[in-house]
Amino acid sequence: MVTNRKRKKRNAVSIEAYLWPGGVVPYVFATGYSKRLDARSMDVIMEETCIQYRPKEADDENWMQIGEESPGCFAMIGRGNTETTVNLAADCTNAMGRVQHELLHALGFWHEHSRSDRDDYVTVVWENIQEDSADNFEKRTSNIDNQNIGYDYGSVMHYAEDFFTKVEGEPTLVTSRPEGAAIGQRVLMSPSDYAGVNIRYGCPSMNR
């Protein structure tokens, strides 16, 4: 989930403005926070991309803080002015893909179903979406974020068909190519997810 903080501002700025320079992400765990799957999730991203997570140092001006300040799973989009918050409550860390979903937000990635071409692949059922969660279904107005990578139902950045539904059993997203395609997996980042990171951060010899 994307935190509302700076959402509108970040819709208007260039991608480069909120990428981590050189793909280096200093991080710190909040005091008393149990790391759970977080460290391993970062290790896997480092193995498959050129992103480098390292512990925060005293002179770092920007860093990512992982903790549990409140219930739920959410993160800022990309590098903040100082601290980029990733909130992972206990139920967010029962699958690596759930952790990676929020880590990708912090790297500057929006939801897959927010792509500019999403209407060719999913229908958003607005009347079923909880009002305070509608922001998470907004469509990006530019195709610059797509990076010439095809729409991926298997991305960890894609919501399941009933995420944030206010009517139990009713969908918030309906797939169309094909109808009934599985969406919302949180096992692990997909090949397209890794490719997106490698392209956006210019990872040499790692674009896959």
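Glycine residues also receive a Cβ, built from the backbone N, Cα and C atoms like all the rest.
Going by what TrEMBL states, the Zn(2+) site holds His101, His105, and the candidate of His111, His113 recorded there is His111. Each of the binding-site residues His101, His105, His111 was scored by the number of other CB atoms within 10 Å of its CB, and the largest score is that of His101.
In three-state terms derived from DSSP, His101 (Zn(2+) binding site) belongs to a helical segment. Summarising model confidence by region, the domain 'Peptidase M12A' (11-204) averages a pLDDT of 93. According to DSSP, His111 (Zn(2+) binding site) sits in a coil region rather than a helix or strand.
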